[in-house]
Amino acid sequence: MDTNGHMQHAAPSGDTAKADNDAKMRRYWQRNLRYMVVLLGIWFVAGYVLSIFFVNQLNAIHLGGFPLGFWFAQQGSIYIFVLLILAYFILMDRLDKEFDVHE
Amino acid sequence: MSIMTWTYIIVGASFALYLSIAWMSRVKDTKGFYVAGGNVPALANGMATGADWMSAASFISMSGIISFMGYAGCMYLMGWTGGYVLLALLLAPYLRKFGKFTVPDFVGDRYYSKAARTVALICAIFVSLTYVAGQMRGVGIVFSRFLEVDVNTGVYIGMAIVFFYAALGGMKGITWTQVAQYGVLIFAFLVPAVAISLKITGNPIPQLGLGGSIVEGKDAGQFLLTALDRIGTDLGFAAYTTGFTGPGAKPMLDVLAITMCLMVGTAGLPHVIVRFYTVPSVRAARISAFYALLFISILYTTAPAVAAFARYNMVDSLNGVAYKSAPSWFTNWQKTGLIAWIDKNGDGIINYSYGPAFTGKLAFTGQDGQYGQPLIKNEPTTNKNELYVDNDIMVLANPEIANLPAWVVALVAAGGLAAALSTASGLLLVISSSVSHDLYFRMINPQASEKTQLLLGRIMIGVAVCVAGYFGVNPPGFVAQVVALAFGLASSSFFPIIVLGIFWKRTSREGAIAGMIAGMGFTLLYIIQTKFMGVAPWFLGISPEGIGTVGMVINFIATVAVTMMTPPPPAHIQDLVENVRIPRGAGQAAAAH
């Protein structure tokens, strides 16, 4: 009797906990996707918009001895790429801890 | 001491270092052999990834290509670094959480299918073999110039060395050897770059020197890039810093396609992806992607500076100079058959301008002309250009062009070898584990003992070395171009289905198989047509190096379309996808295998 009672009691609360956890993981995943989209947006602007689409227009502006478009294409974009990965690492590290899914 | 003596000392010392590391980290189990035991520290993994990544193409060819291309060289720079952003955000953490040994492992398990595993397996072997061929050629070129042996003999020496440490240490040996090789190659790249930057612009930091002004000579006081723009247009080339216009310039669409193809290909290359299986956790996978790109960017932001310095130096020291008073590096390099002069107007002066100097592949007659120049068999072209310089020699000859001491020249040789050998060893391991793990163990004989698997893995490295050596002796093109083809195949096969496999639970096995076949089939067909059968690039004029971008789009479309027409994956696969999205618990995945 005791076992049955316990089981009847435990089943719904287990389901709730699982549903809670699923909802939490969905929120975790949504946040991860949002970070990703923003960072990949910057990646696209640095690598394609500034370095390829508008290179000749930006070359009219000079940064010391560098035409700006050329600088983005052969230098600046690479620095930005490095920073993007660092930013993702830091953001995800915080997110993992907030949602308690870190290792 | 002479260049030769220095080369023997420095190259000999660096090889002794690699071989002793390989001996100390030799392995006895498959986990050590395939993924270095899965406990490489993130910083070391970043360095190893950097060395694995920066190949003969990056070290030897890339600066040369940028030097000739000017602005458009950005597609190599951005392509080969920007891919790490995709890798770090879209692939690395999830593949680490999944935690098996190889890329076909992920594809096979995620798409619950032997057929998918087989297609992935064929792609992995094909991509790696194409790529490794370029590396062996690079090794041959370095040996031929610095040890004064035949290019082919150089390839054989390289084969023997790489076989020894890849077969002995597996992934573990390779990883620690690559850490040492990173040190050698980055030092070797930076020393001459700093010296040349200082000499031309007075600024020791090449990244700043590129934007600096010239300190001596007839162009003193001008910005280096302004001078290059002017010299280029004077000789009939496109302006150095301008995109898409002028003789030989690539159209915007092509630059776009090639950049994208190299980025996506970077993220899909099996020997890079497998690196993220070797770290202990998801967090470590994310941070090691950062370290990897940081270490890579040191070379990749220096390379465009080296390219500009080399171009300036070359034109300055050769154009309009009488052959008799040509600098010694010019005559030295003629022996390798990578540089030539054809006196079209009979004035004894080297004239450099836009266009090929002659038709066909360079061949010498063996006789000398009236100024002592080796004569060539090729038919001269009608343009004014009399000079042929192979892209591949720009970095290697650079210290000589700038009159740096002999030990720097030797150091560059050691760096070039480190770059080529580290990449070759990483690729050989992918080929070997694809056959011994994915094909033999997972598909033919799942009961195979550790010992049998290890033996087969080592035999496969031997076979792969021989195939790579064959392509090294009979190269299908420039080092960097051959490598570029591997990227086309990687971007059109793996990248889309791995990304969809993680971010779209619904993706079905039928979709993935159709996507890989359609994407890779198209890319392969286009490359064979345009590279080997002489067909003109027919798809919007996109060159074969960039066609992988189109192949990738085809792969995405085919995968999604076929997925919508087929049943969704079973529940346990959807759970697996949910599971790889959460970092916790990555430690067990590889162990459970």
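The first residue you see is number 1, and the count goes up from there.
Using the three backbone atoms N, Cα and C, a Cβ is placed for every residue, glycine included.
Note: TrEMBL annotation is automatic and uncurated.
If you look up TrEMBL, you'll see B:6-24 (among others) marked as transmembrane segment.
Tertiary neighbourhood of the transmembrane segment (B:77-95): same-chain residues 53, 58, 62, 66, 106, 258-267, 272-273, 276-277, 282, 285-286, 288-290, 292-293, 296-297, 300, 303-304, 487, 495, 498-499, 502-503, 580-581, 583, selected by CB-CB distance under 8 Å and a gap of 6+ residues from either end. Residues or ranges marked as transmembrane segment in TrEMBL: B:77-95 (among others).
If you look up TrEMBL, you'll see B:115-133 (among others) marked as transmembrane segment.
According to TrEMBL, the feature transmembrane segment maps to B:153-170 (among others).
Within the chain carrying the transmembrane segment (B:182-200), a Cβ under 8 angstroms from the stretch's Cβ atoms is held by residues 14, 47-48, 50-51, 54, 59, 206, 209-210, 212, 214-215, 224, 295, 298-299, 302-303, 305-306, 309, 312-313, 395, 398-399, 402, 404, 408, 411-412, 414-416, 418-419, 422, all 6 or more beyond its ends. According to TrEMBL, the feature transmembrane segment maps to B:182-200 (among others).
Sequence-distant neighbours of the transmembrane segment (B:255-277) (same chain, 6+ residues past either end, Cβ-Cβ under 8 Å): 34-35, 38, 45, 48-49, 52-53, 72, 74-76, 78-80, 82-87, 90-93, 95-96, 99-103, 124, 127-128, 131, 171, 243-244, 285, 288-289, 292, 423, 426-427, 429-430, 433-434, 484, 486-491, 493-495, 498, 542-543, 545-550, 552, 590. Residues annotated as transmembrane segment in TrEMBL: B:255-277 (among others).
The transmembrane segment feature in TrEMBL is assigned to B:289-310 (among others).
Here the transmembrane segment (B:404-431) has Cβ contacts under 8 Å with residues 1-3, 5-7, 9-11, 14, 18, 34, 51-56, 58-60, 102, 124-125, 128-129, 131-132, 135-136, 138-139, 142-143, 145-146, 158, 161-163, 165-166, 170-171, 174, 177-178, 181-182, 184-189, 191-192, 195-196, 270-271, 274-275, 395-396, 398, 460-461, 464-465, 468 of the same chain, all six or more residues outside its ends. The annotation transmembrane segment is assigned in TrEMBL to B:404-431 (among others).
Long-range Cβ contacts of the transmembrane segment (B:452-472) within its own chain (Cβ-Cβ under 8 Å, at least 6 residues beyond either end) map to 28-30, 33-34, 128-129, 132-133, 135-137, 139-140, 155-156, 158-159, 162-163, 166-167, 170, 424, 427-429, 431-433, 435-437, 440-441. Feature annotation from TrEMBL assigns transmembrane segment to B:452-472 (among others).
Marked as transmembrane segment by TrEMBL: B:478-504 (among others).
The annotation transmembrane segment is assigned in TrEMBL to B:511-529 (among others).
What TrEMBL lists as transmembrane segment is B:535-558 (among others).
B:511-529 is the stretch from B:153-170, B:289-310, B:511-529 with the greatest number of Cβ pairs below 8 Å to the transmembrane segment (B:115-133).
Remote same-chain partners of the transmembrane segment (B:153-170), defined as residues 6 or more beyond its termini with a Cβ less than 8 Å from a stretch Cβ, comprise 15, 18-19, 21-23, 25-27, 32-34, 36, 136-137, 139-144, 147, 176-177, 417, 420-421, 424-425, 428-429, 432, 454, 457-458, 461-462, 465-466, 468-469, 472-473.
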